[in-house]
Amino acid sequence: MTTNPKPAYQRILLKLSGEALQGEDGFGIDPAILDRMAQEVKELVELGVQVGVVIGGGNLFRGAGLAEAGMNRVVGDHMGMLATVMNGLAMRDALHRAYVNARVMSAIPLKGVCDDYNWADAIRELRQGRVVIFSAGTGNPFFTTDSAACLRGIEIEADVVLKATKVDGVFTADPVANPDAELYDKLSYAEVLDKELKVMDLAAFTLARDHKMPIRVFNMNKPGALRRVVMGEAEGTLINSDA
């Protein structure tokens with residue numbers, strides 16, 4: 001049962017990890033998971049919520065990992081950006097099959113594949129009810145897709161950045177390694193930094209903090225969790241300036 005008859009947010013930026021798409025295979029894209037995520041996004045669109053999406057590329061390629069093995073970091077990051085484009089195209093296709101209008105915008109030009117990122121075009125598409133998938137990160141090496149999510153969220157004036165993870169939110173410790181770890185309902189930006197909690201990388205988190213962009217961390221694998229978050233129900237961990 002929802003606590004609010006209307007969505008708590010009008011416009012959101014949903015950050016999905018590439019790993020979330022790979023399922024149990026450990027690599028690539030699981031079509032069943034992709035379709036489920038598309039259906040959950042469709043629910044939000046039907047509620048009248050404007051949805052921007054950023055997807056990581058870790059299910060296909062990780063530039064940082066190969067950089068450690070000797071590859072030039074800039075080259076590796078460029079390859080990682082292209083992986084996020086592939087995930088974005090897959091998500092757009094899944095949304096189209098679910099009868100949801102969606103566009104992929106890339107931070108690096110890929111003529112004939114997807115649209116170039118343009119702030120004004122993105123806002124217009126969102127207002128018209130289309131899902132906008134922001135790919136290729138920020139277009140620059142050395143920045144994560146979490147940074148891209150916060151940047152795009154700020155640019156499109158989203159009400160919140162929703163970071164989808166494999167756990168129920170932010171815990172006092174790693175809940176996988178420590179079953180006694182407790183879930184935080186709310187945190188301030190300062191508390192996250194003071195407690196050295198791993199929400200996202202420091203550059204991304206600082207960007208969100210400086211622009212007072214709320215972040216909610218939740219478990220995308222939990223059925224209905226995304227809808228509950230958007231409806232304002234107690235789900236996951238909310239991070240803002242006055243938690």
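Residue numbering: from 1, along the chain as shown.
In case you wondered, yes, glycine gets a Cβ from its N, Cα and C as well.
Keep in mind that this is a model prediction, so the values were computed, not measured.
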Per Swiss-Prot, member of Gly57, Gly65, Gly88, Gly129 binding UMP alongside Asp77, Thr138, Gly139, Asn140, Pro141, Phe142, Phe143, Thr144, Thr145: Gly57
Distance [Cα-Cα, Å, rounded] between Lys15 (ATP binding site) and Asn140 (UMP binding site): 18
Rounded Cα separation (Å) that holds between Thr165 (ATP binding site) and Asn140 (UMP binding site): 24
Predicted model, mean pLDDT over the region 'Involved in allosteric activation by GTP' (23-28): 84
Cβ-centroid neighbourhood (8 Å) of the UMP site, Gly57, Asp77, Thr138, Gly139, Asn140, Pro141, Phe142, Phe143, Thr144, Thr145 excluded: Gly80, Met81, Gly137, Ser147, Ala148
